[in-house]
Amino acid sequence: MAADAAAPSRTLPACLLLLLLLLSPRAADAGPLAAGLVYPDFTASGYEYIDTRGAFLESNNGAFRAAVHNPGKQLASFYLAVLHEPTGTAVWSANRDAPTGSSGRVQLSARGLSVTDADGSTVLWSTTPRAPVAALRLRDDGNLQLLDARNATLWQSFDDATDALLPGQQLRAGAYLTSGRSPSDFARGDYRLAVSASDVALTWQGSTYWRLSNDLRSFKDRNAAAASMSFNSSGLFVVAADGALVFQVDLAPADFRVLKLGNDGRLRVTSYALVNSSAPLGGDFVAPATDCELPLQCPSLGLCAAAGNSSTCTCPPLFAASVKVSGGCTPGDGSALASPDSCRTNSSSSSVSYIALKPKIAYSATRYDAPTTTGVNRTACRALCTANCTCLGYFHDNSSTTCYLIGGSQLGSLHWSTRAAPALGYIKTINSATTAGKNKRGSSTASRSLPIILPCVAAFLLIVVVAWYSLWWRRKRKSGKKSKGKNSAAKNVNLGLQNPRSRDTSYDEDPNDDDIVIPGMPARFSYEEIGSMTAGFETKVGSGGFGSVYKGELPAGEGLVAVKRLEAVGMQAKREFCTEIAVIGNIRHVNLVRLRGFCAEGSRRLLVYEYMNRSSLDRSLFGATGAPVLEWGERMEVALGAARGLAYLHTGCDQKIVHCDVKPENILLADGGQVKVSDFGLAKLMSPEHSAIFTTMRGTRGYLAPEWLSNAPISDRADVYSFGMVLLELVHGRKNRGEQEQANNTGAAVGGSGDHSAFPSPSGHSSTMTSSTMSGGTSGGDDDYFPMVALELHEQGRYLDLVDRRLEGRVSGAEVARAVRLSLCCLHEDPAQRPSMAAVARVLEGSVPPPEPRGDALGFLRLYGRGYGMPAPVPGMAATSGSAGGAATHGWSTSATAGSQLDGSLQDTSAPR
């Protein structure tokens, strides 16, 4: 009886449990995880598919899943996403800026795919297909597609990239990836990876902090407009519209990769052995390569310093740790950092001031972005920032007079620059009335202390000066003794006295070899190996100021090379050798000649370059009559390639590099449209503290900027001037001066190396050029100074009259006008008024319109032109005041005599060929 009575009581709970299971929404609505396809009238929510972590559709290979996904295990935000199942990585998301809750729904109907709230009244994201939808498919490559009844694609996730790319997916020019805000928040963040026609770049708040073209791991194969970026099992590629390769990054072989822009701004390509693998192979491609290159590695105004494989953050001098922003920095004087809001609400009780950063502290935007304005001094740059409420600070480069205004919602982090940051930074602050009063009291205290401090400082400085003078005097005495010893040795040689050491050992032993330390440079060859490469220096392909160039071949058939043999090995030649090794050896750019190796045995100095089979531009452009004509399109490709190479030297290297000898002889050509700038022997590395330098006269007559002749500081704008002359020569097909200059003149004998393109002296004197001396067969009787003719025809709008007649009109009128206007801007007398080489390259690409030349900055061309046909005075003879042709009115203070002497003594050196 007791057992029978207990039976109904045990049955009732079991019935209730069964009833609850039958009434459960999941039991009623949810289905199994679909494979490959789902069809219209389908709905899913995170709650319904909780057992599969929101996944409702799986690719046939099991590598990818479409899911209602809540990243980071939070329960507030759900997204329609495609996940790489083995790693859980989200490779695409739909409603990233409008997440739904756990009851939000993904709905598939004939009208398309959508994400809505729980009751379907609010659409958070949707597609708009052009035809009725028949199915939703998740492919084995991770591409989510809407299909019509014929299986044609109506929409696909590969065309709507978010923050990641998969193999086979393309990111087209004009499109970009946008980072998420955090691992659990897919909303659009501040970082972007953008593909443009000229490059691939990472930006933060609109400021660039990485470019593919500046990354040493990338190789540029041709100068063409980029159409898309993609990657596969062998590497990362940027291609043109015709499929030709533009950029390439080689990666270790892998079956599957994921490219993802992280919420920290770091671009990472992670590789896996198989698409279903969960463990990465290692050796990821990460950009930027170091922590401190990230714009917000440290919180606002934090100073990032590399520490092994990681980094540390501190506050820069005059700043202290912020109590409001963890890890951030605030002015140490009690003032507040400027912000757009504080600027707009600024009252008379507060004022704007600036805190100067140390010279070696840099900001990433100033390396990659174009300056806000040029040709202004620091005071004008500061005034621009003060008047702009969105400006949070500025950087000013005094040598190039460029001004960078730093904007955005907040300031990023700072870093120590290996380039010593030629642009000095100033952070904008707001001083309240209270702070101003404190500063005033502090100033009063300081004024009372001055009578005590100043005498102490003066005494200290006096001690320093006396100590320095004593040291200098002692060194001078020692150098005098050494010089005397050398003179004695020279005297013995002149008298025919034999040195105790054998004369045959001059090439075998050289104590100066120990001074040339080249760690991490290209391959070092023995002199015997070099001789074998060149078959005993059999084929000579060119010669220059320091030696000859021979054709050779690397061992084991590794390719042809050009061997530059430095024959006149003096101190200057050794300095050129060391410069070329240090500079070219670490530079990889498609438009810069590559150094393959070198030889340094005793006094022998040889450089091994890649071989350019079409030789230098001057041979193609100024060839003999009847030779093939360089077509207009080829000329513009040459100009663009040379401009990009020089721009990389100026802005893409760790230290700014000035070439100092830009001319057609130093622009090399090869099959396939290759254009490379060569001969860095005259290049001058800019020191960290000086972006403009005083240096000895270098370069080639006809291409020297005016500042060379006036003892003014030399900066990268000197290369811009030389490039402007080359660009004019590309348009006209002849040298800017006569082929035979003062053949019987004393100055010609002094010239030495036989360069035929002379730069007029400040007096304006030069030889007359007749039609028989004009290069490249250009017809003529054209005795005028060609740059002056270009200026005059520009003012008349007659650009086509400047074109090389051998082209017979096969030119683009718009491109000719652009090239002439750009070249004249490069020839501005004031270096600050010339564009940068980066700006020149953008104009030649067609991405920006050409600037307008300033007539008042080109008057000196007319000065030279008026004296073009006048005979040159004999060096050392005094010139009359009238012979200067009005030079004084154009800012020239160099006398006619000095100018003539200088014009006759300039040395010409040639490129490796």
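Cβ atoms here come from the backbone N, Cα and C positions, even for glycine.
TrEMBL lists Lys564 with the feature ATP binding site. Its own atom aside, the Cβ of Lys564 (ATP binding site) has 31 Cβ atoms within 10 angstroms in the protein chains shown.
Marked as compositional bias 'Low complexity' by TrEMBL: 760-776 (among others).
Under the heading compositional bias 'Low complexity', TrEMBL lists 879-900 (among others).
Marked as compositional bias 'Polar residues' by TrEMBL: 902-913.
Look at TrEMBL and you will find 41-159 tagged as domain 'Bulb-type lectin'. Taking H, G and I as helix, E and B as strand and the rest as coil, DSSP gives the domain 'Bulb-type lectin' (41-159) the counts 9 helix, 52 strand, 58 coil.
The domain 'Protein kinase' feature in TrEMBL is assigned to 535-848.
Look at TrEMBL and you will find 481-513 (among others) tagged as region 'Disordered'.
According to TrEMBL, the feature region 'Disordered' maps to 736-781 (among others).
Per TrEMBL, the feature region 'Disordered' maps to 879-913 (among others).
The feature signal peptide is assigned by TrEMBL to 1-30.
Here TrEMBL flags 452-472 as transmembrane segment.
Within the model, the domain 'Bulb-type lectin' (41-159) shows a mean pLDDT value of 93, rounded to a whole number. A strand conformation is recorded for Lys564 (ATP binding site) in the three-state DSSP classification.
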